[in-house]
């Protein structure tokens, strides 16, 4: 037993309904936004390790990799232009996220997903047809605009459609779809690398148009969430019918009343960005910054971007590196699915604490192996290369079961309606900001820190685990519109929120 700071959900109001086919179909279409995001992460890492791609757009990198035997293993891919190809997507997403917040709030979640899908289509077309670096980066910018819209809208959409008792599983569908997209990208890269003529990278980049088309067309037929509809309209009867269709029951009066009450409170707020700075929203503001920051500081995105490059750094060939990325993609998708199944039973905190441990030790061991056995020239032996692959797979498993899905789930469920879009935009912006910073600097950090880079990310895994243990309350099974109670009774956050909530009961969590 360890002292936890969770909240018992038993005294919270629970709503009627279940998982309907209509709900599942809506969530499946919406989760295409996560699929495209994962595909973009995976495909960029794969094509940047393909020699034909490097020869066309980054000949300096290709020359160092093939001909310069004096340069360090860790520095062969060090190129700010190469990292700009990857990270420009996130800079565009950062800027877009704030505009997307206004669209999502004023016009609904559905228009944001439609705009995101359209931008994805434009980006995929530009990247697949690129004949110079400017066209390539412009395509990435359009993809970033798409990610900015979908990462703003999709997590909110999924959380608002789901019942509290199923919210973890349904919302984690975003990260699961992201993992499937990442896996699909690695499969495509592995296949297209073998195409004779050196144009396989065009197929890899252009294939993003397939899920983008599914999202764009599907978004036209998606229902708007009852939460968003009530917030933008006084037609409560239409909202009732929509809620009945989603829940599969006519008895939705209790949930409808809570949505109307939350909407009435939210309409009194004129400036949600100013409002989120108020003292009583301090817990939500801290989490909207800390959770995406920690999610990026696990180092997972740079592993996603540069896994093939990393495997080439330790001495694997082009095909072997891409195949290794396929293996890590399988691991990530499988563990995220496990998180979907168990998150509403074991809770968010337990998975985050478990994931922190599973990420810390592999990073430290990988850093140790590379520091002792790799050196600046040559490569690892086959045995040590397999050991590194196994440890990175364990690290990805830790992320897949914890910070991957929960990094999007928790922020999407903790904000009251009056600051929900603003809070989500802060979450997305912080995620993109640090993804851009880490992505843009990773290859330089790898060159200068060498094996120490893994100790750097391992240290952050330890810090975020301590943060969760002391400062993050449990949110499972608690309706979104009643979520404020967890902060009122938390040992630390109650000093900011204040007040008593008789519905909430503190208990010792078994960890």
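Glycine is treated like the rest: Cβ placed from N, Cα and C.
Taken from TrEMBL, the feature transmembrane segment covers 21-39 (among others). Cβ atoms under 8 Å from those of the transmembrane segment (21-39) belong to residues 113, 116-117, 120, 146-147, 150-151, 153-154, 157-158, 161-162, 170, 173-185, 207-208, 211-212, 214-215, 218-219, 221-223, 245-248 of the same chain, restricted to positions at least 6 beyond its ends.
Annotated domain 'Major facilitator superfamily (MFS) profile' per TrEMBL: 26-476, in sequence order.
Per TrEMBL, the feature transmembrane segment maps to 81-102 (among others).
The feature transmembrane segment is assigned by TrEMBL to 114-135 (among others).
The transmembrane segment annotation in TrEMBL covers 141-158 (among others).
Look at TrEMBL and you will find 170-191 (among others) tagged as transmembrane segment. Panel annotation: around the transmembrane segment (170-191), residues 23, 27-28, 31-43, 46-47, 50, 154-155, 158-159, 161-162, 200, 203-204, 207, 211, 304, 308, 319, 322-323, 325-326, 328-330, 332-333, 336-337, 339-340, 343, 400, 404-409, 412-413 of the same chain, lying at least six beyond its termini, place a Cβ under 8 Å from a Cβ of the stretch.
For the transmembrane segment (203-222), the list of distant contacts is 26, 29-30, 32-33, 35-36, 39-40, 43, 46-47, 110, 113-114, 116-118, 120-121, 123-125, 127-130, 139, 143, 146, 150, 181, 185, 188-189, 192, 195: same-chain residues at least six beyond its ends, Cβ to Cβ under 8 Å. What TrEMBL lists as transmembrane segment is 203-222 (among others).
Summarising the annotation, TrEMBL assigns transmembrane segment to 285-309 (among others).
Beyond its flanks by at least six residues, the transmembrane segment (321-343) meets 42, 45-46, 49, 168-169, 172-173, 175-176, 178-180, 182-183, 185-187, 189-190, 193, 303, 307-309, 311-312, 351, 389, 392-393, 396-402, 404-406, 409, 476 of its own chain at Cβ-Cβ distances under 8 Å. What TrEMBL records for 321-343 (among others) is transmembrane segment.
Residues annotated as transmembrane segment in TrEMBL: 350-372 (among others).
Residues or ranges marked as transmembrane segment by TrEMBL: 384-410 (among others).
Marked as transmembrane segment by TrEMBL: 422-443 (among others).
Among the features that TrEMBL reports, transmembrane segment is placed at 449-472 (among others).
In this chain, the transmembrane segment (422-443) touches the transmembrane segment (141-158); three or more CB pairs sit within less than 8 A of each other, excluding pairs fewer than 6 residues apart.
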